[in-house]
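A.B. asks: Got a structure for you, written out below as structure tokens; questions coming shortly.
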Amino acid sequence: MNKKNKKLFLEALEKKFKGESPEEKKTTFYCFGGWKQSERKREFVEYAKKLAKKRGIPFYNPDIGVPLGQRKLMAYRISGTDAYVEGDDLHFVNNAAIQQMVDDIKRTVIVGMDTAHAVLEKRLGVEVTPETINEYMETINHALPGGAVVQEHMVEVHPGLVDDCYAKIFTGNDELADELDKRVLIDINKEFPEEQAEMLKKYIGNRTYQVNRVPTIVVRCCDGGTVSRWSAMQIGMSFISAYKLCAGEAAIADFSFAAKHADVIEMGTILPARRARGPNEPGGIPFGVFADIIQTSRVSDDPARISLEVIGAAATLYDQVWLGSYMSGGVGFTQYASATYTDDILDDFVYYGAEYVEDKYGFCGVKPSMEVVKDIATEVTLYGLEQYEEYPTLLEDHFGGSQRAAVVAAAAGCSTAFATGNSNAGINAWYLSQILHKEGHSRLGFYGYDLQDQCGASNSLSIRSDEGLVHELRGPNYPNYAMNVGHQPEYAGIAQAPHAARGDAFVVNPLIKVAFADNDLSFDFRWPRKEIARGALREFMPDGERTLIIPASK
């Protein structure tokens, strides 16, 4: 890595604060042009004036409320890229790539095919061969986007609206994979490095799974809970058609049960009534599952880079979309979340910790213990706090205490997980970092930010009945994790970190890891931060657009 002597964030700070040295202790205010210094806000005002006149209703006006632009309205460098973007373009409503990433997760369901094949062979006496599987896959790729296969006089969906919808298949059996239609095969041997491919095939075995991508427009109109139902209905119709079955016979009920329940793997679990969301919604996605969705680990062997990509993507899902909109509703959470994936600040802290660990312990080179947790968490936390003290522009970049606390603790947690190969040790280091940080600065963030951090030490190195679970299986709905921004994305990175250090093929679920090794997805899950940048630069083309069915101009 060899990044110890180079502050990764300095280049971004020098460009953001032109004319000011990052070390300068004094600065100026009210001389930057207010909101007009921002190209994007000037565009907002221009649009808003026209629309206010057209609507006859007051609209966006940046002169209302606190004066904007007292200091520089900073551009942000997307970490790990050369792209500088305006902060407004990182709000998920303004960023098509973030929207598509969330949609791609919500619209995905994995369904095992072995139960259905057993019903065909044992109950109905129908032979299942690679040829019949290929015919079924062709049928489901007609039916899943909204094509009719069993009944006449059924309305169908325009293919141009759902060109993002398809089904693919994968298996751990190389002989079967060789005979399957390559157009719809996720080839584990091709998509993963050899050692990872062997690990995945060992866990998957001879079983066969299909990955269904329901149309983006469906999860836009409905929700993630719709996905398994949409999928199951078309699976049933496709089996009936491909294997020439009678739609009314009793065995069809077994297909329905398998497709809707028994063989279904969803991305997220259903949430309790007070959070009131169905399966496949962001609040039900465990941290380890999200880490498996991100694909950097199959194209990079750098544990720090892998963990940072997970954190960056998770920041948009958990903090911006889930907590910032589903649970809170507003615009402010983007500012918290983007601290983890902009200006190479977290990158600098994580690489510092990774190098410290590699030199002293080696990756996965020491058993987890409180002594190890204390050593690494203290070293990385103090390093991070020293940077904020040495570079005032860094402090201004992360102007909120909760931003600083999240970034420093994330580096401490990931670094400890790199050393121990243990995510629970990593999350314990996160909590120790928060305590050290509060001791040094007297506060962390907004009132309630550190609620979970004050009680986290007791439930991260022990498994208790009401606060159990290894860290990879925890998620946004875990006790105490439900409503504090600046935690969940970093927790996902800490779930990934030990597995990245060990070179594991997956974190929690090999099926989910394989399902997203799919080059036909519009969002590139290998490099999510690059995709977020493309969205901010308006270079990303999303799926699910309605151009075909609306007037040329509204």
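Cβ atoms here come from the backbone N, Cα and C positions, even for glycine.
Look at Swiss-Prot and you will find Q151 tagged as coenzyme F430 binding site. Annotation source Swiss-Prot lists coenzyme B binding site at R229, K260, H261, R274, citing similarity to another entry. What Swiss-Prot records for Y336, Y447 is coenzyme M binding site.
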A.B. asks: Return one of helix, strand or coil for the residue listed as 'coenzyme F430 binding site', based on DSSP.
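C.D. replies: The residue in question, the residue listed as 'coenzyme F430 binding site', is coil (DSSP, three-state).
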A.B. asks: Minimum Cβ neighbour count within 10 Å among the binding-site residues K260, R274: which residue?
C.D. replies: R274
A.B. asks: R229, H261: which of these binding-site residues has the sparsest Cβ neighbourhood within 10 Å?
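C.D. replies: It is H261 that, of the binding-site residues R229, H261, has the fewest other Cβ atoms within 10 Å.
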A.B. asks: Based on Cα distances to R274 (coenzyme B binding site), point out the closest of the binding-site residues Q151, Y336, Y447.
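C.D. replies: Nearest listed residue in space: Y447.
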A.B. asks: In sequence order, which same-chain residues at least six apart have a C-beta under 8 angstroms from Y336 (coenzyme M binding site)?
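C.D. replies: Those within reach of Y336 (coenzyme M binding site), by Cβ under 8 Å and sequence separation of 6 or more, are D319, G400, S402, Q403, A406, V485, G486.
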A.B. asks: According to DSSP, collapsed to three classes, what secondary structure does Y447 (coenzyme M binding site) have?
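C.D. replies: Reduced to three states, the DSSP call for Y447 (coenzyme M binding site) is coil.
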A.B. asks: Between all pairs in R229, K260, H261, R274 (listed as coenzyme B binders), what's the biggest Cα distance, rounded to the nearest Å?
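C.D. replies: Answer in Å: the longest Cα-Cα distance is 25.
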A.B. asks: What Cα-Cα separation, expressed in whole Å, is found between H261 (coenzyme B binding site) and the residue listed as 'coenzyme F430 binding site'?
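C.D. replies: Given the Cα positions, H261 (coenzyme B binding site) is 25 Å from the residue listed as 'coenzyme F430 binding site'.
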A.B. asks: Mind giving me a neighbour count for Y447 (coenzyme M binding site)? Other Cβ atoms within 10 Å of its Cβ, every protein chain shown.
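C.D. replies: That number is 7.
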A.B. asks: Far apart in sequence but close in space: which same-chain residues, 6 or more away, have a Cβ under 8 Å from Q151 (coenzyme F430 binding site)?
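C.D. replies: For Q151 (coenzyme F430 binding site), no residue qualifies.
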A.B. asks: Distance between Y447 (coenzyme M binding site) and R229 (coenzyme B binding site) at the Cα atoms, whole Å?
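C.D. replies: Pair distance, Cα basis, whole Å: 41 Å.
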